[in-house]
Structure formats: C-alpha cells, structure tokens
Amino acid sequence: MSTTTNKKPIRVYVDGCFDLMHFGHANALRQARELGDILVVGVHTDEEIAKNKGPPVMNEQERYKAVRACKWADEVAEGAPYTLTEEYLDSLNCDFCVHGEDISVGADGKDVYEGIKKSGKFRFIKRTEGVSTTELVGRMLLCTKDHLQNVSGEQTSPLGGVNPNVLHKQSPYTSLSHFLPTTRKIVQFSEGRSPKPNDKIIYMDGGFDLFHVGHTEALKQARALGDYLIVGVHDDRVVHEQKGSNFPIMNLHERVLSVLSCRYVDEVVIGAPFSVTKDMIDSLHINVVVHGDDQVVLGPEGGVDPYKLPRELGIYKEVKHTEGLTATEIVKRIIDNRLQYEARNRKKEAKEINFIEQSN
C-alpha cells in the first residue's frame, strides 16, 4: 500500500512587494514552488510598502495581477503583512515560509522574518543575481544599461545629468550588478510542452520590456484564442529602432525569462524577426497571429507593415489593451518621481548596511 496517496499537500508561503515584477521574482517563486505542492504568495499593500520601504512604482492591484500571472503562483494572499507572524502563516494553512538570502528590514530596522526564523518555519532559497526592483529603478534613473550602449553606441538619457554616485554600491543586496544568462536558466523557466497535432497555435510578438500587467493581460487574451501560445520576443536592436530613447531597459535574455514565467505562454522565439514571414508561419504551424489594438509600428525599411502577410492570409487578429500600461508609462512614473525613488533606494540600502553591521 502506497504511503503517498493520502499525503497532505505541503503548502509553501512566500511574500514580497513584487514591484516591477521581474524574472528574479519569478525565479524565487519557481524555487519556492519546488519545495512543496502548493505555493501561496503574499503581496503587501501600497501603504505597507510606503511605510517600510518607500513608495512602490506599481500599485497594489497591478502587483496582485502580476503575481497571479506567474505560472508558479497557485494562490495569492492580497494585503499580506510586511512583518510575517506565525499566526498569519497558520491562517493560510502554510507549513513554512521561504525567502531569498537577501535581508528584508522593516521600518523599525529589524529583520521582518525574525519571529518565523525562531519558530523553525523558515527556509532559504538562492537569490537571482543581477536583477532586483531597486536595480531596475536604478537603470531607469541612471541609465546604467550596457546592453543599450552596445546597441546604439551612445546614451541618450533624459537623465543624463544624474550623478551616478547617487546610488552607492556598498550593500550586497542593493547594488547595480549584471545578470548572466545561462541555458540552464532558460530550461528551468521553459514549460517543456510541445503542441499536439490538432492544437490551434497562436503567435504574438513584441518587445515585452519591463514585463507588466498590460503584457500579461494581452497574452491571456491571445492564449484564449487557441490551444498553444508562441511568443516572439524581439532583440534589443529591433526594440531600440522602434522605441528609441533609452529602450530597451531590459536586455533580450531578461525579457525572454520574464515572458517564459507567464502562465499563458507555452513557447518563446528568442530574437524573433520584426516582420512575420511565411517561413515562420510554416515552420511554427501558426494558425493565428495576434497583436494589440494599438497602432502598429511600421518597419524602418520603407515603412513595412510587419503583419502584412498574416493580414493577407486572413489569420491576423487584434486583442484589446485593457490595462492602459506601457513600458514608457512605467519609465515616466520613475522620472516624474525621481527624487522619491532615489531617496527610497538610498534609504533601503542604508537600512541593509546598518543591519549587516549590527549583525556582525
């Protein structure tokens, strides 16, 4: 007789702000999910974040939706407390809490997981090097985007006069670092499911920079049109040619991992061509090509419509933009509140350094 048939599922809890939800967050959820059967994700309110850390870039409703779109999140606990208690963990029927190696300090300067650690219901997971919300805000504030310099040969930043020393590099958790892409990470994020012979295959492409709820809602609609969703992610040069200025904020590998973490996505074409070609349609067995209902940006070579062929074949469809959010809008939020976010990053780092010094 098997002893596993009536085994109680292990419920794992992880919490956070999940501001500017990125592949580092997704990787934490992936690792946490591997430790049990059901992953419950607690997301803090705007008020809690402002009190303990500084103002979030994305509001709580946007952050709740972003977490729900991650394929490793089974349940979302909205309005989770910033300082976790054993009572709250028990109220969710969770067996233990998981957090990265980086420290999390509350408004009082104390470790927010201190009580849970003492209770023995705490597990560590590895932090994803080279990406954090603070780091992404730093890129937008200081334009420390090596990948963009390589694409365009120059920086064209509206914040070109910002002092690069505004964000210090002393805390190991709040430094500007570099994500090193590996094939293993792509495999870990990939679904690994192949389309079935009779599956209706949907294709949607784009830059997917600063992957946000506007993207996930569009992908959800696209996936509903068929059985298998393939997403084409444009390379850095294509995104820069179309968006100009400081885009993309995130490089190709970072954007690919963000898209792969989405529960509506089955497969990703890395560095997809700007125009949808006959070869692509034939080789990927595409039945429907999807784009948002915003204006299609024409290609640089004589103003070519990238969806000309799908339109002619009668396989082109549009989905509604329901969120009204773009990467440009997110960057604008940062720039409009630049001083607030610079202060937030400094405050966060200062608390971390102080905590490290007191712990040593």
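Cβ coordinates come from backbone N, Cα and C, glycine included.
Annotated CTP binding site per Swiss-Prot: 207-208, 215-218, Lys243, 291-294, 321-325, in sequence order.
All features noted in Swiss-Prot, drawn onto the structure.
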| residue | record | contacts (Cβ under 8 Å, 6+ apart) |
| --- | --- | --- |
| Gly207 | CTP binding site | Val233, His234, Val238, Val239, Gln242, Lys243, Phe247, Pro248, Arg255, Ala327 |
| His215 | CTP binding site | Gly206, Phe208, Val259, Cys262 |
| Glu217 | CTP binding site | Lys65, His321, Thr322, Glu323 |
| Gly292 | CTP binding site | Ala218, Glu318, Val319, Lys320, His321 |
| Asp294 | CTP binding site | His321 |
| Gly324 | CTP binding site | Gly214 |
*Most Cβ neighbours inside 10 Å, all chains, among the binding-site residues Lys243, Thr322*: Lys243
*Using DSSP reduced to three states, classify Gly207 (CTP binding site) as helix, strand or coil.*
coil
